[in-house]
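Notes follow once the structure below has been shown.
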């Protein structure tokens, strides 16, 4: 209802009582439709869309957190340690001003409101308790479960000038008003009622506020064995008696979350008792009397409850009561066994909302999502450096401790942890411990085996949301989805050809690698062609048989000292020259390449016959001369006649030295070979050679 009041200056001031309710109702409608929601809060893998502005206006915790981030804020936040149903009820209050909850869950909701500093809810609950002083609060019976309905009083001054719904005096009026405003009543799940531990993880440590459901549990803080097994040690390992009032102890690493929250040391879970009152005192419960500390006798670590101490002591005794039925591996906690079992089943219950990647643990999901947000949530307490993943922080911490990263002894590659090194070592040893029982194929990693088994079963659980194509491996699906985006981020450095996937680029680079090797080989041969002709050897580019009257002519330079000839049983010889390189076969080209790759001064030319094809020379192993291309020297022609070849074949076991008789009238002379006994050449060039020595006149 609008009210108008005259002002002395003649101006009118119009006030609408319904405006604040209308704005809240509009926000709630937008939240349900997902319209203009600029933030996603994830609690126990449940996603809550919301508006940053309204959260900051309703919660001092969110307000300080957003203010600390400034302009680099993000859109996805993971709230650790909270209950999804409890947070949903609290978010409903922020958007409507009404709280609909069961009587047993109000304590946990109030503790969450205290931590998030939603003081309007705390004050509304205080007023509700004062106005309903009877032991049994007024309830609205829905499906047999008592439900407490709390709203802000109309006559209370709002903190931020926000209007609140009028206080309803009767249940019938309240019920009709809720129906008129189309409010949705959230029923609390039984699991919420059974939860007795509220854990909030922050950057500075772990803050635990235990809210008991019964007075006898307050006086005797014990836990049932079944609950003991399900509670991981990490929730209370860092407890310190000094943190009883809400001060978080300093831990070595910042805790697992996507966003870096406001330091918990500036907050108290139960709030300022002078201004806002204690949550437990409001609820009319007795405070748990202080008992003896649960301290570990081995390391002196302190725990809040004895069952946490019992779990911790297994780290000293080595007790692992939880055994895997598949491989027999033991674990100290039931939670660790459940995570391990997923390795056998392939279950990955945690899915990234950005890229749909599935992961086995919540911790893995938190670290993965930090890569999308770009937020570096893990802080080194020594130097203050930030990291996006916990393993990066652990690796960095070795700088302060002096410990080095695990290193492979074979290739000296370093790894983040020992488990990664262990997997890498299998690439050197060839070990493949994971074998498929169906086809016998082995793998180095268990994940590869699990993916392979899906092929036998025909399972393709990963489907593309665009074209519907299914895949047996999540990584294959991710690579496929990149094709739909049209992006090609991978570019070839050689030809600038772009690819959408990295594996396609690697396959493409192999083509350039082969071309480069072939180009290097041809450039080596081509660059030394002139030197080969001038300084080493030239034979006529044809094959001739010794059955005719033809002769073999060899052009050699003065730098040639010896020619070691090892004939085969065949009567024919074929050889390659530099001038005939364009007609070479692949084998001949390779042989000619060998001719140009020896570094020392020319001493021997070895012509060795091929065993399978004795008509052709298999290789020319010749050492280059050091003479430069600009130098000139006489070229001599050596003629090997039919008789000479026959003589070499007949006496290949004997050592002979052939002298050359020349004249100096022509730089290229035909030389006649004469035979004289001589010493054998060095035997390290060719086994059992028959040398032909050449002396220059």
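Backbone N, Cα and C define each Cβ position, glycine as well.
Residue counts for the domain 'BTB' (10-133) under DSSP, helix first, then strand, then coil, are 75 helix, 23 strand, 26 coil. The domain 'BTB' feature in Swiss-Prot is assigned to 10-133.
The compositional bias 'Polar residues' annotation in Swiss-Prot covers 131-142.
According to Swiss-Prot, the region 'Disordered' annotation covers 131-176 (among others).
Positions annotated as DNA-binding region by Swiss-Prot: 159-171.
Annotation comment: Swiss-Prot describes 209-254 (among others) as region 'Disordered'.
Residues annotated as compositional bias 'Basic and acidic residues' in Swiss-Prot: 212-245.
On the 0 to 100 pLDDT scale, the zinc finger (294-316) averages 83 in the predicted structure. Residues annotated as zinc finger in Swiss-Prot, with sequence analysis given as evidence: 294-316 (among others).
The feature zinc finger is assigned by Swiss-Prot to 322-344 (among others), with sequence analysis given as support.
Among the features that Swiss-Prot reports, zinc finger is placed at 350-372 (among others).
The zinc finger annotation in Swiss-Prot covers 378-400 (among others).
Long-range contacts of the zinc finger (406-428) within the same chain: residues 391-392, 394-395, 444-445, each at least 6 residues beyond the stretch ends and with a Cβ under 8 Å from a Cβ of the stretch. If you look up Swiss-Prot, you'll see 406-428 (among others) marked as zinc finger.
Positions annotated as zinc finger by Swiss-Prot: 434-456 (among others).
Under 8 Å from some Cβ of the zinc finger (462-484) lie the Cβ atoms of residues 348, 355-358, 451, 454-455, 500-501, 503, all in the same chain and six or more residues away from its ends. Summarising the annotation, Swiss-Prot assigns zinc finger to 462-484 (among others).
Residues or ranges marked as zinc finger by Swiss-Prot on the basis of sequence analysis: 490-512 (among others). For the zinc finger (490-512), DSSP puts the residue distribution at 11 helix, 4 strand, 8 coil.
Annotated region 'Disordered' per Swiss-Prot: 652-697 (among others), in sequence order.
The compositional bias 'Pro residues' annotation in Swiss-Prot covers 677-690.
Within the chain carrying the zinc finger (490-512), a Cβ under 8 angstroms from the stretch's Cβ atoms is held by residues 479, 482-483, all 6 or more beyond its ends.
Applying DSSP to the zinc finger (294-316) sorts its residues as follows: 11 helix, 4 strand, 8 coil.
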